[in-house]
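Engineer: Pasting a structure here, questions to come.
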Amino acid sequence: MVPVIALVGRPNVGKSTLFNRLTKSRDAIVAEYAGLTRDRQYGEARWQGRTYIVIDTGGISGDEEGIDAKMAEQSLQAIEEADAVLFLVDSRAGMTAADQMIAEHLRKRNKRSFLIANKVDTIDPDLARAEFSPLGLGDALPIAAAHGRGINHMLQEALGIFPKDNAEEEGEGEPASEEVAEGEEPTRIPGPSEKDGIKIAIIGRPNVGKSTLVNRMLGEERVIVYDQAGTTRDSIYIPFERNEEMYTLIDTAGVRRRGKIFEAVEKFSVVKTLQAIQDANVVIFVMDAREGVVEHDLNLLGFVLETGRALVIALNKWDGMEAAERDYVKTELERRLLFVDFADIHFISALHGTGVGHLYKSVQESFRSAVTRWPTSRLTSILEDAVQVHQPPMVNGRRIKLRYAHLGGANPPLIVIHGNQVDAVPKAYTRYLEKTYRRVLKLVGTPIRIEYKGGENPYEGKKNSLTARQVNKKRRLMSHHKKAEKKKKDKRR
């Protein structure tokens, strides 16, 4: 399972800077989409081929009311459920009362914590270690988050406590290294996860109806094969069958057995939600139609997009809304969810079951789109047609040339395009190619990623050896050139 690391510390110690450094937020895929908020508190990060989740828990002021009063409930919960904590302190400011309170809280929870002394670019690291040694959390790891100093050593220590069994074993984001023979029909890339059917994570903000939807999907006319507790913080993996198709629901709210179902205020868990997204094949994102699109929805959708999961959106509590309210909500969806316009949107009532059955068709189509592979000839043909309709722009008087394309991975589909001057391809043209591939290949519910590779000169670095005749000719030319230069000098005298 993907490890979760929480960033903890008082305000202005550099947590956001470190978060951006680890998740590469400014360069993230999600930043290229209009309408998507970039102010996120959690994100996916990679280091030396390993994937992990980072959570910024927010600042802790540590006044007389104490840590529990000043930390938001979600921050405390994130610390409790995280696999490890990076506790940031400010080397320039020195140790404060707030630092001592946070350290005491972490010691009481017996949480695996790493003390991180930030802003050591102008401070002696040894002095910083000595300054914060009374906190009782071991030697501080010195870093300068703004400049990237010490980050590799910090990650080596923090990630070194986790086994190297990341998500690739689940068949996620797998490369499509086997070439499809020319003329073959597109095929699905099988993965170990298919044994229990399509894994579906139902996520969303608190009290949007996730529990009701889970109960509805596991309700009448469904056969629950068995209930099995997952290994990650009480998340439940529930395989079930519908119309002779196998599915596995990843339920972050716990099992609700028949006869014991009751509605209660959900305790939202960021950690469970993010890990459910990572482990799923398809995400059903539940929103409250009466509240419309809120910032928290955009944050979670941004993480889904960043991880590349197939996506289906369900607008719950649609029944009972007036026609004018429905029209307004649809307008807001079109305006604010442009960055996930590939996802099917369903208007449902989980309580009454209206529209719930249609979710399965979208789940199957999204999964099929995410794991299908196509031959190079097919992808190249689509590229050539797209270039013929709309050519890439000119750069320094030369037009960008896109030569051929092949599949570089699946779930989500990764299309690798080779050509010249590919570093100068505008984002708008990349979006044009994405839409073209989506339309021609009839892809639904999955993001597409396009990667460019520049053409390599086959003669670069190679040097032909001269023949004996060429060597003699070169010598004669050099001798003739020297004699001519000598005559010119003699005439000047």
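Quick reminder: no glycine exception, Cβ is built from N, Cα and C everywhere.
Pulled these features from Swiss-Prot for this protein:
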- 3-166: domain 'EngA-type G 1' (DOMAIN)
- 9-16, 56-60, 118-121: GTP 1 binding site (BINDING)
- 166-195: region 'Disordered' (REGION)
- 167-184: compositional bias 'Acidic residues' (COMPBIAS)
- 198-371: domain 'EngA-type G 2' (DOMAIN)
- 204-211, 251-255, 316-319: GTP 2 binding site (BINDING)
- 372-456: domain 'KH-like' (DOMAIN)
- 454-463: compositional bias 'Basic and acidic residues' (COMPBIAS)
- 454-493: region 'Disordered' (REGION)
- 471-493: compositional bias 'Basic residues' (COMPBIAS)
Engineer: Just to verify: the residue among Asn12, Asn207 with the fewest other Cβ atoms within 10 Å, which of the binding-site residues is it?
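Structural biologist: Least crowded of the binding-site residues Asn12, Asn207, by Cβ count within 10 Å, is Asn12.
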Engineer: What three-state class does DSSP give Asn207 (GTP 2 binding site)?
Structural biologist: coil
Engineer: Of the binding-site residues Gly9, Asn12, Lys15, Thr57, Val120, which sits closest to Gly204 (GTP 2 binding site) by Cα distance?
Structural biologist: Thr57
Engineer: How would DSSP class Thr57 (GTP 1 binding site) in three states?
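Structural biologist: In three-state terms, Thr57 (GTP 1 binding site) counts as strand.
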Engineer: Test of understanding: give the count of other CB atoms lying within 10 angstroms of the CB of Lys210 (GTP 2 binding site).
Structural biologist: 25
Engineer: For Thr57 (GTP 1 binding site) and Trp318 (GTP 2 binding site), what Cα-Cα distance in Å is obtained after rounding to a whole number?
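Structural biologist: Taking the Cα atoms only, Thr57 (GTP 1 binding site) lies 33 Å from Trp318 (GTP 2 binding site).
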Engineer: Can you break down the compositional bias 'Basic residues' (471-493) into helix, strand and coil residue counts using DSSP?
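Structural biologist: Residue counts in helix, strand and coil order: 22 helix, 0 strand, 1 coil.
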Engineer: Measuring Cα to Cα, how many Å separate Val120 (GTP 1 binding site) from Asn207 (GTP 2 binding site)?
Structural biologist: 44
Engineer: Can you tell me the CA-to-CA distance separating Lys210 (GTP 2 binding site) and Gly9 (GTP 1 binding site), as a whole number of Å?
Structural biologist: 32
